[in-house]
Amino acid sequence: MGSSKSKPKDPSQRRRSLEPPDSTHHGGFPASQTPNKTAAPDTHRTPSRSFGTVATEPKLFGGFNTSDTVTSPQRAGALAGGVTTFVALYDYESRTETDLSFKKGERLQIVNNTEGDWWLAHSLTTGQTGYIPSNYVAPSDSIQAEEWYFGKITRRESERLLLNPENPRGTFLVRESETTKGAYCLSVSDFDNAKGLNVKHYKIRKLDSGGFYITSRTQFSSLQQLVAYYSKHADGLCHRLTNVCPTSKPQTQGLAKDAWEIPRESLRLEVKLGQGCFGEVWMGTWNGTTRVAIKTLKPGTMSPEAFLQEAQVMKKLRHEKLVQLYAVVSEEPIYIVTEYMSKGSLLDFLKGEMGKYLRLPQLVDMAAQIASGMAYVERMNYVHRDLRAANILVGENLVCKVADFGLARLIEDNEYTARQGAKFPIKWTAPEAALYGRFTIKSDVWSFGILLTELTTKGRVPYPGMVNREVLDQVERGYRMPCPPECPESLHDLMCQCWRKDPEERPTFEYLQAFLEDYFTSTEPPVPAWREPIGLELLLAPEASLWGTGAWLRAEGPRFGEQPQSRMWHGEVSGAPSLIKTVLGHP
(Lines of atoms letter the chains of each structure in order from A and count residues from 1; the text may use other names and numbers.)
(Lines give C-alpha, C1' and ligand atoms only; values in the text may rest on other atoms or scores of the structure.)
Protein backbone atom coordinates (compact mmCIF):
# COMPACT_ATOMS: atom_id res chain seq x y z
CA MET A 1 0.00 0.00 0.00
CA GLY A 2 1.35 3.36 -0.88
CA SER A 3 0.64 6.66 0.73
CA SER A 4 0.47 10.27 -0.22
CA LYS A 5 3.85 11.59 -1.29
CA SER A 6 2.85 15.12 -2.08
CA LYS A 7 -0.10 17.45 -1.87
CA PRO A 8 -2.62 16.50 -4.56
CA LYS A 9 -2.49 18.76 -7.55
CA ASP A 10 -6.16 18.20 -8.27
CA PRO A 11 -8.25 21.28 -7.57
CA SER A 12 -10.92 21.56 -4.92
CA GLN A 13 -14.52 22.56 -5.49
CA ARG A 14 -16.19 25.94 -5.73
CA ARG A 15 -18.52 28.40 -7.51
CA ARG A 16 -18.49 32.14 -8.18
CA SER A 17 -20.55 35.33 -7.71
CA LEU A 18 -22.19 36.62 -10.86
CA GLU A 19 -23.23 40.27 -10.52
CA PRO A 20 -20.55 42.60 -11.89
CA PRO A 21 -19.21 45.01 -9.26
CA ASP A 22 -19.48 47.91 -11.70
CA SER A 23 -20.19 48.65 -15.33
CA THR A 24 -16.75 47.57 -16.45
CA HIS A 25 -16.58 44.34 -14.50
CA HIS A 26 -18.56 41.65 -15.11
CA GLY A 27 -17.11 1.19 -2.42
CA GLY A 28 -17.82 -6.43 0.35
CA PHE A 29 -19.19 -3.20 1.94
CA PRO A 30 -22.63 -2.08 0.85
CA ALA A 31 -22.19 1.07 -1.17
CA SER A 32 -25.81 1.91 -1.83
CA GLN A 33 -26.76 5.34 -0.60
CA THR A 34 -30.30 5.66 -1.91
CA PRO A 35 -32.90 5.74 0.87
CA ASN A 36 -36.45 4.52 0.44
CA LYS A 37 -37.71 8.00 1.25
CA THR A 38 -36.66 11.36 -0.10
CA ALA A 39 -34.00 13.05 1.99
CA ALA A 40 -33.04 16.69 1.99
CA PRO A 41 -29.62 17.08 0.38
CA ASP A 42 -26.74 18.59 2.29
CA THR A 43 -26.18 21.05 -0.52
CA HIS A 44 -28.63 22.80 -2.78
CA ARG A 45 -28.42 23.66 -6.42
CA THR A 46 -27.85 27.29 -7.18
CA PRO A 47 -29.69 28.04 -10.42
CA SER A 48 -28.01 29.82 -13.26
CA ARG A 49 -28.52 33.56 -13.37
CA SER A 50 -28.92 35.69 -16.44
CA PHE A 51 -26.03 37.84 -17.58
CA GLY A 52 -27.71 40.85 -19.14
CA THR A 53 -31.05 40.51 -20.92
CA VAL A 54 -31.64 37.01 -22.20
CA ALA A 55 -33.54 36.58 -25.43
CA THR A 56 -36.49 34.21 -25.31
CA GLU A 57 -35.31 30.65 -25.93
CA PRO A 58 -37.41 27.53 -26.59
CA LYS A 59 -37.26 25.27 -23.52
CA LEU A 60 -35.65 21.86 -23.91
CA PHE A 61 -37.50 19.22 -21.96
CA GLY A 62 -35.93 17.01 -19.34
CA GLY A 63 -33.51 18.33 -16.76
CA PHE A 64 -31.36 17.66 -13.77
CA ASN A 65 -29.41 19.13 -10.92
CA THR A 66 -25.87 19.91 -11.83
CA SER A 67 -22.73 18.10 -10.82
CA ASP A 68 -21.91 17.44 -7.22
CA THR A 69 -18.50 18.93 -7.76
CA VAL A 70 -16.81 21.60 -9.75
CA THR A 71 -13.08 21.92 -9.49
CA SER A 72 -11.06 25.06 -8.93
CA PRO A 73 -7.54 25.98 -7.92
CA GLN A 74 -6.48 25.50 -4.32
CA ARG A 75 -6.15 28.83 -2.52
CA ALA A 76 -4.18 27.73 0.52
CA GLY A 77 -1.30 30.04 1.17
CA ALA A 78 -2.98 33.06 -0.40
CA LEU A 79 -1.95 35.22 2.55
CA ALA A 80 1.65 34.80 1.54
CA GLY A 81 0.90 37.21 -1.30
CA GLY A 82 -0.33 39.84 1.13
CA VAL A 83 -4.06 39.30 0.52
CA THR A 84 -6.03 39.12 3.76
CA THR A 85 -9.53 40.21 2.68
CA PHE A 86 -11.62 37.52 1.04
CA VAL A 87 -15.19 37.35 -0.24
CA ALA A 88 -17.62 34.51 0.50
CA LEU A 89 -18.60 32.49 -2.57
CA TYR A 90 -21.49 30.65 -0.88
CA ASP A 91 -23.65 30.73 2.22
CA TYR A 92 -22.25 28.67 5.09
CA GLU A 93 -24.03 27.66 8.30
CA SER A 94 -21.77 26.90 11.25
CA ARG A 95 -21.61 23.25 12.30
CA THR A 96 -19.79 23.69 15.60
CA GLU A 97 -19.36 26.40 18.23
CA THR A 98 -16.01 27.39 16.71
CA ASP A 99 -17.31 27.78 13.13
CA LEU A 100 -18.29 31.11 11.61
CA SER A 101 -21.57 31.42 9.70
CA PHE A 102 -21.55 33.74 6.70
CA LYS A 103 -23.57 34.67 3.64
CA LYS A 104 -22.48 34.75 0.03
CA GLY A 105 -20.86 38.09 -0.73
CA GLU A 106 -19.70 38.81 2.83
CA ARG A 107 -16.19 40.19 3.14
CA LEU A 108 -13.97 38.30 5.54
CA GLN A 109 -10.63 39.22 7.08
CA ILE A 110 -8.44 36.12 7.25
CA VAL A 111 -6.68 35.94 10.60
CA ASN A 112 -4.82 32.64 10.15
CA ASN A 113 -4.63 30.30 7.16
CA THR A 114 -1.75 28.10 8.31
CA GLU A 115 -3.78 25.30 9.91
CA GLY A 116 -4.96 23.43 6.83
CA ASP A 117 -8.34 23.55 5.14
CA TRP A 118 -10.12 25.58 7.83
CA TRP A 119 -9.07 29.18 8.24
CA LEU A 120 -9.64 31.52 11.17
CA ALA A 121 -11.57 34.52 9.85
CA HIS A 122 -13.28 37.69 11.05
CA SER A 123 -16.48 38.82 9.32
CA LEU A 124 -16.44 42.49 8.37
CA THR A 125 -20.24 42.30 8.23
CA THR A 126 -21.17 40.69 11.55
CA GLY A 127 -17.99 41.35 13.52
CA GLN A 128 -17.81 37.69 14.57
CA THR A 129 -14.75 35.44 14.38
CA GLY A 130 -14.50 31.71 13.74
CA TYR A 131 -13.26 28.99 11.42
CA ILE A 132 -14.40 28.84 7.80
CA PRO A 133 -13.90 26.28 5.00
CA SER A 134 -11.15 27.68 2.79
CA ASN A 135 -12.77 26.50 -0.44
CA TYR A 136 -15.82 28.70 0.24
CA VAL A 137 -13.92 32.00 -0.18
CA ALA A 138 -11.70 33.77 -2.70
CA PRO A 139 -9.53 36.91 -2.58
CA SER A 140 -11.61 40.06 -2.92
CA ASP A 141 -11.63 41.73 -6.35
CA SER A 142 -9.87 38.74 -7.94
CA ILE A 143 -10.88 36.70 -10.95
CA GLN A 144 -11.33 33.73 -8.59
CA ALA A 145 -14.26 35.59 -7.02
CA GLU A 146 -16.13 35.81 -10.34
CA GLU A 147 -19.01 33.35 -10.58
CA TRP A 148 -18.21 32.53 -14.19
CA TYR A 149 -14.58 31.62 -13.45
CA PHE A 150 -14.23 27.86 -12.94
CA GLY A 151 -10.44 27.62 -12.78
CA LYS A 152 -8.73 24.32 -13.53
CA ILE A 153 -11.60 22.23 -14.74
CA THR A 154 -11.10 20.10 -17.82
CA ARG A 155 -12.72 20.57 -21.19
CA ARG A 156 -14.70 17.39 -20.61
CA GLU A 157 -15.94 18.53 -17.20
CA SER A 158 -17.00 21.88 -18.63
CA GLU A 159 -19.04 20.07 -21.27
CA ARG A 160 -20.62 17.85 -18.63
CA LEU A 161 -21.84 20.96 -16.81
CA LEU A 162 -22.90 22.98 -19.85
CA LEU A 163 -24.81 20.14 -21.53
CA ASN A 164 -27.54 20.40 -18.94
CA PRO A 165 -30.71 20.72 -21.07
CA GLU A 166 -32.06 23.27 -18.59
CA ASN A 167 -29.28 25.67 -19.61
CA PRO A 168 -30.39 28.20 -22.24
CA ARG A 169 -28.29 28.75 -25.31
CA GLY A 170 -25.33 30.97 -24.43
CA THR A 171 -24.75 29.54 -20.95
CA PHE A 172 -21.02 29.89 -20.32
CA LEU A 173 -18.00 29.58 -18.08
CA VAL A 174 -14.35 30.65 -18.21
CA ARG A 175 -11.63 28.15 -17.32
CA GLU A 176 -7.88 27.80 -17.55
CA SER A 177 -6.61 26.49 -20.86
CA GLU A 178 -5.43 22.88 -20.69
CA THR A 179 -2.96 23.34 -23.54
CA THR A 180 -1.55 26.87 -23.19
CA LYS A 181 -0.07 28.06 -19.92
CA GLY A 182 -1.39 31.45 -18.87
CA ALA A 183 -4.27 31.36 -21.35
CA TYR A 184 -7.96 30.88 -20.66
CA CYS A 185 -10.87 29.26 -22.46
CA LEU A 186 -14.44 30.48 -22.84
CA SER A 187 -16.86 27.52 -23.05
CA VAL A 188 -20.37 28.27 -24.35
CA SER A 189 -23.44 26.07 -24.78
CA ASP A 190 -25.02 26.13 -28.24
CA PHE A 191 -27.76 24.39 -30.19
CA ASP A 192 -28.30 23.60 -33.83
CA ASN A 193 -30.43 21.13 -35.75
CA ALA A 194 -27.48 19.08 -36.94
CA LYS A 195 -25.61 18.62 -33.65
CA GLY A 196 -28.34 19.34 -31.15
CA LEU A 197 -27.09 20.60 -27.80
CA ASN A 198 -23.32 21.11 -27.95
CA VAL A 199 -20.49 23.19 -26.49
CA LYS A 200 -18.16 25.57 -28.28
CA HIS A 201 -14.74 26.42 -26.81
CA TYR A 202 -12.92 29.70 -27.55
CA LYS A 203 -9.32 30.30 -26.52
CA ILE A 204 -8.78 33.59 -24.69
CA ARG A 205 -5.28 34.82 -25.42
CA LYS A 206 -3.23 37.22 -23.35
CA LEU A 207 -1.53 40.31 -24.75
CA ASP A 208 2.03 41.24 -23.79
CA SER A 209 0.52 44.41 -22.33
CA GLY A 210 -1.67 42.31 -20.04
CA GLY A 211 -4.93 42.55 -21.98
CA PHE A 212 -7.06 39.72 -23.36
CA TYR A 213 -8.69 38.84 -26.66
CA ILE A 214 -10.47 36.06 -28.54
CA THR A 215 -10.02 37.80 -31.87
CA SER A 216 -7.25 40.36 -32.20
CA ARG A 217 -9.58 43.02 -33.61
CA THR A 218 -11.45 43.21 -30.28
CA GLN A 219 -9.22 43.53 -27.21
CA PHE A 220 -9.96 44.08 -23.52
CA SER A 221 -7.98 45.17 -20.48
CA SER A 222 -9.53 42.48 -18.26
CA LEU A 223 -11.45 39.23 -18.44
CA GLN A 224 -14.36 40.98 -16.75
CA GLN A 225 -14.56 43.46 -19.64
CA LEU A 226 -14.35 40.63 -22.17
CA VAL A 227 -17.25 38.80 -20.53
CA ALA A 228 -19.29 42.01 -20.30
CA TYR A 229 -18.78 42.73 -24.00
CA TYR A 230 -19.71 39.26 -25.24
CA SER A 231 -22.78 39.25 -23.00
CA LYS A 232 -24.11 42.05 -25.22
CA HIS A 233 -22.62 41.09 -28.60
CA ALA A 234 -22.02 37.65 -30.12
CA ASP A 235 -19.45 39.25 -32.49
CA GLY A 236 -18.28 35.94 -33.98
CA LEU A 237 -19.21 33.64 -31.10
CA CYS A 238 -21.90 31.00 -31.59
CA HIS A 239 -24.20 33.09 -29.36
CA ARG A 240 -23.90 35.99 -26.99
CA LEU A 241 -23.26 35.06 -23.37
CA THR A 242 -26.50 34.70 -21.42
CA ASN A 243 -26.32 32.70 -18.18
CA VAL A 244 -23.40 31.71 -16.00
CA CYS A 245 -23.18 27.92 -15.85
CA PRO A 246 -24.92 26.80 -12.64
CA THR A 247 -23.27 24.53 -10.12
CA SER A 248 -23.66 23.38 -6.53
CA LYS A 249 -21.94 24.13 -3.26
CA PRO A 250 -18.72 22.14 -2.96
CA GLN A 251 -18.02 19.60 -0.27
CA THR A 252 -16.00 21.05 2.58
CA GLN A 253 -12.66 19.40 3.27
CA GLY A 254 -13.69 17.51 6.37
CA LEU A 255 -16.69 18.16 8.58
CA ALA A 256 -15.05 20.96 10.58
CA LYS A 257 -11.68 21.94 12.00
CA ASP A 258 -10.25 19.04 14.06
CA ALA A 259 -13.34 16.86 13.43
CA TRP A 260 -11.55 13.62 12.53
CA GLU A 261 -11.97 11.09 15.34
CA ILE A 262 -15.46 11.97 16.46
CA PRO A 263 -17.69 10.66 19.27
CA ARG A 264 -20.33 8.13 18.29
CA GLU A 265 -22.94 10.30 20.01
CA SER A 266 -22.39 13.06 17.43
CA LEU A 267 -23.90 10.84 14.71
CA ARG A 268 -27.56 10.11 14.18
CA LEU A 269 -28.36 7.09 11.97
CA GLU A 270 -31.58 7.92 10.12
CA VAL A 271 -32.23 5.74 7.07
CA LYS A 272 -30.67 2.33 6.45
CA LEU A 273 -29.43 2.26 2.88
CA GLY A 274 -27.88 -1.17 2.56
CA GLN A 275 -26.33 -4.18 4.24
CA GLY A 276 -23.41 -6.37 3.25
CA CYS A 277 -21.16 -9.10 4.56
CA PHE A 278 -19.20 -6.78 6.82
CA GLY A 279 -21.64 -4.10 7.91
CA GLU A 280 -24.34 -1.61 7.02
CA VAL A 281 -24.62 1.78 5.34
CA TRP A 282 -26.84 4.51 6.74
CA MET A 283 -27.83 7.99 5.76
CA GLY A 284 -27.40 10.15 8.81
CA THR A 285 -26.56 13.50 10.34
CA TRP A 286 -23.43 14.68 12.11
CA ASN A 287 -23.74 17.15 14.99
CA GLY A 288 -27.35 17.81 14.06
CA THR A 289 -26.23 19.89 11.08
CA THR A 290 -24.59 17.93 8.27
CA ARG A 291 -25.91 15.15 6.01
CA VAL A 292 -23.44 12.26 5.78
CA ALA A 293 -23.21 8.58 4.89
CA ILE A 294 -22.17 6.26 7.72
CA LYS A 295 -20.68 2.79 7.31
CA THR A 296 -21.00 0.67 10.43
CA LEU A 297 -18.65 -2.32 10.53
CA LYS A 298 -19.40 -5.53 12.36
CA PRO A 299 -17.09 -6.05 15.37
CA GLY A 300 -14.10 -8.17 14.38
CA THR A 301 -14.21 -7.15 10.71
CA MET A 302 -10.86 -5.40 11.03
CA SER A 303 -8.42 -4.27 13.68
CA PRO A 304 -9.32 -0.78 14.98
CA GLU A 305 -5.61 0.06 15.19
CA ALA A 306 -4.92 -1.04 11.61
CA PHE A 307 -8.02 0.75 10.38
CA LEU A 308 -7.10 4.03 12.04
CA GLN A 309 -3.60 3.85 10.57
CA GLU A 310 -4.99 3.21 7.09
CA ALA A 311 -7.65 5.90 7.49
CA GLN A 312 -4.93 8.48 8.14
CA VAL A 313 -3.64 7.71 4.65
CA MET A 314 -7.10 7.51 3.08
CA LYS A 315 -8.14 10.95 4.31
CA LYS A 316 -5.22 12.49 2.41
CA LEU A 317 -6.62 11.17 -0.88
CA ARG A 318 -8.63 14.06 -2.27
CA HIS A 319 -10.06 14.09 -5.74
CA GLU A 320 -13.40 15.09 -7.20
CA LYS A 321 -13.98 11.50 -8.35
CA LEU A 322 -13.23 9.88 -4.99
CA VAL A 323 -15.85 9.75 -2.23
CA GLN A 324 -14.48 11.98 0.51
CA LEU A 325 -13.69 10.42 3.88
CA TYR A 326 -14.89 12.89 6.51
CA ALA A 327 -14.34 11.29 9.91
CA VAL A 328 -14.18 8.02 11.86
CA VAL A 329 -15.34 6.45 15.09
CA SER A 330 -12.29 4.33 15.81
CA GLU A 331 -13.60 2.14 18.64
CA GLU A 332 -15.63 -0.93 17.75
CA PRO A 333 -18.06 -1.02 16.17
CA ILE A 334 -16.08 1.14 13.75
CA TYR A 335 -17.99 3.90 11.97
CA ILE A 336 -16.73 5.42 8.71
CA VAL A 337 -18.25 8.81 7.87
CA THR A 338 -18.19 9.94 4.23
CA GLU A 339 -19.92 12.36 1.91
CA TYR A 340 -23.46 11.35 0.96
CA MET A 341 -24.17 10.40 -2.67
CA SER A 342 -27.84 10.68 -3.51
CA LYS A 343 -28.22 8.02 -6.23
CA GLY A 344 -26.58 5.11 -4.43
CA SER A 345 -24.24 2.48 -5.80
CA LEU A 346 -23.55 2.28 -9.52
CA LEU A 347 -24.61 -1.37 -9.50
CA ASP A 348 -28.05 -0.57 -8.08
CA PHE A 349 -28.33 2.42 -10.42
CA LEU A 350 -27.60 0.30 -13.50
CA LYS A 351 -30.03 -2.44 -12.49
CA GLY A 352 -32.77 -0.04 -11.39
CA GLU A 353 -35.41 1.93 -13.24
CA MET A 354 -32.95 4.64 -14.24
CA GLY A 355 -30.48 2.24 -15.84
CA LYS A 356 -32.64 1.40 -18.84
CA TYR A 357 -32.43 5.00 -20.04
CA LEU A 358 -28.65 5.04 -20.10
CA ARG A 359 -27.10 4.98 -23.57
CA LEU A 360 -23.54 4.30 -24.62
CA PRO A 361 -22.39 7.95 -24.39
CA GLN A 362 -23.49 8.16 -20.76
CA LEU A 363 -21.99 4.76 -19.91
CA VAL A 364 -18.66 5.74 -21.45
CA ASP A 365 -18.74 9.06 -19.61
CA MET A 366 -19.33 7.26 -16.30
CA ALA A 367 -16.42 4.94 -17.08
CA ALA A 368 -14.22 7.96 -17.85
CA GLN A 369 -15.08 9.50 -14.48
CA ILE A 370 -14.15 6.29 -12.66
CA ALA A 371 -10.90 6.09 -14.63
CA SER A 372 -10.19 9.71 -13.64
CA GLY A 373 -10.54 8.87 -9.95
CA MET A 374 -8.39 5.78 -10.33
CA ALA A 375 -5.76 7.72 -12.30
CA TYR A 376 -5.41 9.90 -9.20
CA VAL A 377 -5.12 6.77 -7.01
CA GLU A 378 -2.44 5.60 -9.46
CA ARG A 379 -0.52 8.88 -9.18
CA MET A 380 -0.64 8.65 -5.39
CA ASN A 381 0.87 5.13 -5.46
CA TYR A 382 -2.21 3.71 -3.76
CA VAL A 383 -4.18 0.53 -4.53
CA HIS A 384 -7.94 0.06 -4.31
CA ARG A 385 -8.11 -3.79 -4.23
CA ASP A 386 -11.90 -4.01 -4.64
CA LEU A 387 -12.87 -1.99 -7.72
CA ARG A 388 -16.35 -2.91 -8.98
CA ALA A 389 -19.70 -1.28 -9.67
CA ALA A 390 -20.91 -1.99 -6.12
CA ASN A 391 -18.10 0.23 -4.81
CA ILE A 392 -18.81 3.18 -7.12
CA LEU A 393 -21.34 5.76 -5.93
CA VAL A 394 -23.55 7.93 -8.13
CA GLY A 395 -24.66 11.48 -7.39
CA GLU A 396 -26.55 14.20 -9.21
CA ASN A 397 -25.92 14.72 -12.92
CA LEU A 398 -24.58 11.16 -13.27
CA VAL A 399 -21.47 12.04 -11.29
CA CYS A 400 -19.58 8.87 -10.34
CA LYS A 401 -17.10 8.56 -7.47
CA VAL A 402 -14.89 5.72 -6.31
CA ALA A 403 -15.61 4.49 -2.78
CA ASP A 404 -14.13 2.02 -0.28
CA PHE A 405 -10.55 2.37 -1.56
CA GLY A 406 -8.03 0.49 0.56
CA LEU A 407 -10.45 -1.11 3.02
CA ALA A 408 -10.29 -4.60 1.50
CA ARG A 409 -6.71 -5.05 2.74
CA LEU A 410 -7.83 -4.75 6.37
CA ILE A 411 -10.62 -7.33 6.42
CA GLU A 412 -9.95 -10.14 8.90
CA ASP A 413 -12.57 -12.68 7.78
CA ASN A 414 -11.50 -16.22 6.88
CA GLU A 415 -14.07 -16.39 4.09
CA TYR A 416 -12.43 -13.29 2.61
CA THR A 417 -8.74 -13.63 3.40
CA ALA A 418 -8.65 -17.09 1.81
CA ARG A 419 -9.11 -15.16 -1.47
CA GLN A 420 -11.26 -17.96 -2.83
CA GLY A 421 -13.83 -17.94 -0.04
CA ALA A 422 -17.49 -17.16 -0.51
CA LYS A 423 -17.08 -13.49 0.40
CA PHE A 424 -14.12 -12.77 -1.88
CA PRO A 425 -14.96 -10.95 -5.17
CA ILE A 426 -13.11 -13.47 -7.33
CA LYS A 427 -14.86 -12.51 -10.58
CA TRP A 428 -13.44 -8.98 -10.36
CA THR A 429 -9.95 -9.95 -9.16
CA ALA A 430 -6.86 -10.31 -11.34
CA PRO A 431 -5.44 -13.87 -11.35
CA GLU A 432 -2.12 -12.86 -9.77
CA ALA A 433 -4.02 -11.20 -6.93
CA ALA A 434 -6.48 -14.06 -6.44
CA LEU A 435 -3.83 -16.78 -6.56
CA TYR A 436 -0.80 -15.13 -4.98
CA GLY A 437 -2.07 -12.02 -3.21
CA ARG A 438 -0.22 -9.65 -5.56
CA PHE A 439 -2.48 -6.62 -5.38
CA THR A 440 -1.15 -3.67 -7.37
CA ILE A 441 -2.57 -0.81 -9.38
CA LYS A 442 -2.35 -3.21 -12.35
CA SER A 443 -4.68 -5.65 -10.62
CA ASP A 444 -7.01 -2.67 -10.20
CA VAL A 445 -6.80 -2.17 -13.98
CA TRP A 446 -7.97 -5.78 -14.45
CA SER A 447 -10.91 -5.07 -12.15
CA PHE A 448 -11.72 -1.93 -14.14
CA GLY A 449 -12.03 -4.08 -17.26
CA ILE A 450 -14.61 -6.22 -15.43
CA LEU A 451 -16.38 -3.06 -14.29
CA LEU A 452 -16.69 -2.02 -17.94
CA THR A 453 -18.69 -5.20 -18.58
CA GLU A 454 -20.99 -4.26 -15.69
CA LEU A 455 -21.57 -0.87 -17.30
CA THR A 456 -22.26 -2.17 -20.79
CA THR A 457 -24.58 -4.94 -19.55
CA LYS A 458 -26.43 -2.69 -17.05
CA GLY A 459 -25.20 -4.56 -13.98
CA ARG A 460 -25.05 -8.19 -15.12
CA VAL A 461 -22.85 -10.42 -12.95
CA PRO A 462 -19.54 -11.11 -14.76
CA TYR A 463 -18.89 -14.57 -16.19
CA PRO A 464 -22.59 -15.52 -16.27
CA GLY A 465 -23.21 -19.18 -15.52
CA MET A 466 -19.80 -19.74 -13.92
CA VAL A 467 -19.01 -20.28 -10.25
CA ASN A 468 -15.92 -18.71 -8.67
CA ARG A 469 -13.70 -21.80 -8.89
CA GLU A 470 -14.56 -22.27 -12.56
CA VAL A 471 -13.83 -18.61 -13.31
CA LEU A 472 -10.36 -18.85 -11.79
CA ASP A 473 -9.53 -22.02 -13.72
CA GLN A 474 -10.83 -20.70 -17.04
CA VAL A 475 -9.08 -17.34 -16.72
CA GLU A 476 -5.78 -19.07 -15.94
CA ARG A 477 -6.23 -21.06 -19.16
CA GLY A 478 -6.68 -17.87 -21.15
CA TYR A 479 -10.45 -17.45 -21.26
CA ARG A 480 -11.72 -13.89 -21.49
CA MET A 481 -15.33 -12.76 -21.59
CA PRO A 482 -16.66 -12.15 -25.12
CA CYS A 483 -17.93 -8.80 -26.29
CA PRO A 484 -21.21 -8.00 -24.53
CA PRO A 485 -24.30 -7.50 -26.71
CA GLU A 486 -24.48 -4.03 -28.30
CA CYS A 487 -21.01 -3.17 -27.00
CA PRO A 488 -18.67 -1.69 -29.65
CA GLU A 489 -15.67 -3.85 -30.51
CA SER A 490 -13.34 -0.95 -29.71
CA LEU A 491 -14.63 -0.89 -26.13
CA HIS A 492 -14.32 -4.67 -25.82
CA ASP A 493 -10.77 -4.37 -27.10
CA LEU A 494 -10.08 -1.96 -24.23
CA MET A 495 -11.45 -4.53 -21.78
CA CYS A 496 -9.13 -7.16 -23.23
CA GLN A 497 -6.16 -4.83 -22.78
CA CYS A 498 -7.10 -4.62 -19.09
CA TRP A 499 -7.16 -8.44 -18.92
CA ARG A 500 -3.70 -9.11 -20.30
CA LYS A 501 -1.98 -11.89 -18.39
CA ASP A 502 1.19 -9.89 -17.76
CA PRO A 503 0.23 -7.05 -15.39
CA GLU A 504 2.89 -4.75 -16.85
CA GLU A 505 1.28 -4.99 -20.29
CA ARG A 506 -2.02 -3.64 -19.01
CA PRO A 507 -2.71 0.05 -19.68
CA THR A 508 -2.39 2.75 -17.05
CA PHE A 509 -5.45 4.48 -15.66
CA GLU A 510 -4.10 7.69 -17.15
CA TYR A 511 -4.36 6.07 -20.58
CA LEU A 512 -7.79 4.62 -19.82
CA GLN A 513 -9.08 8.03 -18.76
CA ALA A 514 -7.79 9.72 -21.92
CA PHE A 515 -9.12 6.93 -24.16
CA LEU A 516 -12.60 7.09 -22.67
CA GLU A 517 -12.81 10.88 -22.55
CA ASP A 518 -11.96 11.03 -26.26
CA TYR A 519 -13.86 7.87 -27.18
CA PHE A 520 -16.41 9.37 -29.54
CA THR A 521 -13.94 11.62 -31.32
CA SER A 522 -11.10 9.16 -31.85
CA THR A 523 -12.37 5.57 -31.99
CA GLU A 524 -15.85 5.35 -33.43
CA PRO A 525 -16.95 5.89 -37.04
CA PRO A 526 -19.48 8.67 -37.61
CA VAL A 527 -23.06 7.75 -36.79
CA PRO A 528 -26.13 9.11 -38.55
CA ALA A 529 -26.95 12.55 -37.20
CA TRP A 530 -30.39 11.51 -36.00
CA ARG A 531 -28.83 8.76 -33.85
CA GLU A 532 -26.12 10.99 -32.45
CA PRO A 533 -26.22 11.27 -28.64
CA ILE A 534 -25.48 14.87 -27.75
CA GLY A 535 -25.74 15.48 -24.05
CA LEU A 536 -26.29 14.51 -20.46
CA GLU A 537 -29.44 14.84 -18.41
CA LEU A 538 -29.91 13.80 -14.83
CA LEU A 539 -32.83 11.48 -14.25
CA LEU A 540 -35.31 13.34 -12.09
CA ALA A 541 -38.02 10.81 -12.96
CA PRO A 542 -37.99 7.38 -14.61
CA GLU A 543 -39.36 8.79 -17.85
CA ALA A 544 -36.63 11.42 -18.21
CA SER A 545 -34.21 11.06 -21.10
CA LEU A 546 -30.44 10.82 -21.00
CA TRP A 547 -30.10 12.27 -24.47
CA GLY A 548 -30.53 15.79 -25.66
CA THR A 549 -34.09 16.63 -26.59
CA GLY A 550 -33.94 16.65 -30.34
CA ALA A 551 -31.61 13.65 -30.47
CA TRP A 552 -33.90 11.61 -28.22
CA LEU A 553 -36.92 12.15 -30.44
CA ARG A 554 -34.93 11.65 -33.63
CA ALA A 555 -33.49 8.41 -32.24
CA GLU A 556 -36.57 6.97 -30.58
CA GLY A 557 -39.23 8.46 -32.84
CA PRO A 558 -39.14 5.71 -35.51
CA ARG A 559 -40.13 2.97 -33.07
CA PHE A 560 -43.28 4.95 -32.29
CA GLY A 561 -44.04 5.59 -35.96
CA GLU A 562 -42.68 9.12 -36.01
CA GLN A 563 -40.30 10.32 -38.71
CA PRO A 564 -36.87 11.55 -37.50
CA GLN A 565 -37.17 14.82 -39.38
CA SER A 566 -40.58 15.66 -37.92
CA ARG A 567 -40.50 18.88 -35.89
CA MET A 568 -43.49 18.21 -33.62
CA TRP A 569 -44.34 15.49 -31.15
CA HIS A 570 -47.89 14.88 -30.03
CA GLY A 571 -49.58 12.51 -27.61
CA GLU A 572 -48.59 10.37 -24.65
CA VAL A 573 -45.68 8.05 -25.37
CA SER A 574 -44.32 5.55 -22.87
CA GLY A 575 -40.63 6.17 -22.29
CA ALA A 576 -40.61 9.70 -23.65
CA PRO A 577 -39.28 12.58 -21.57
CA SER A 578 -41.72 14.19 -19.20
CA LEU A 579 -42.62 17.13 -21.45
CA ILE A 580 -44.25 15.31 -24.35
CA LYS A 581 -45.65 18.08 -26.51
CA THR A 582 -42.78 20.29 -27.62
CA VAL A 583 -41.08 21.87 -30.53
CA LEU A 584 -37.88 20.03 -31.27
CA GLY A 585 -34.90 22.08 -30.18
CA HIS A 586 -34.69 25.16 -32.31
CA PRO A 587 -32.36 28.02 -31.40
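Here, residue 1 is simply the first one shown, and the rest follow in order.
The backbone N, Cα and C atoms fix where each Cβ goes, and this holds for glycine too.
Annotated region 'Disordered' per Swiss-Prot: 1-58, in sequence order. According to Swiss-Prot, the feature N-myristoyl glycine maps to Gly2. Marked as compositional bias 'Basic and acidic residues' by Swiss-Prot: 7-25. As annotated by Swiss-Prot, domain 'SH3' applies to 81-142, with the evidence given as sequence analysis. Swiss-Prot lists 148-245 with the feature domain 'SH2', giving sequence analysis as the kind of evidence. According to Swiss-Prot, the domain 'Protein kinase' annotation covers 267-520. Under the heading ATP binding site, Swiss-Prot lists Leu273, Gly274, Gln275, Gly276, Cys277, Phe278, Gly279, Glu280, Val281, Lys295. Annotated active site, proton acceptor per Swiss-Prot: Asp386, in sequence order, evidence recorded as sequence analysis. According to Swiss-Prot, the feature phosphotyrosine maps to Tyr416, an assignment based on similarity to another entry.
Known features from Swiss-Prot, placed on the structure.
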residue : record                       : DSSP (3 states)
Leu273  : ATP binding site             : strand
Gly279  : ATP binding site             : strand
Asp386  : active site, proton acceptor : coil
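The residues of the domain 'SH2' (148-245), classed with DSSP into helix (H, G, I), strand (E, B) and coil, number 16 helix, 37 strand, 45 coil. Taking DSSP states H, G and I as helix and E and B as strand, the domain 'SH3' (81-142) has 4 helix, 27 strand, 31 coil. The separation of the residue listed as 'active site, proton acceptor' from Gln275 (ATP binding site), Cα to Cα, is 17 Å. Leu273 (ATP binding site) counts 25 other C-beta atoms within 10 Å of its own C-beta, drawing on all protein chains shown. Summarising the environment of Asp386 (active site, proton acceptor), the number of other Cβ atoms within 10 Å of its Cβ, over all protein chains shown, is 25.
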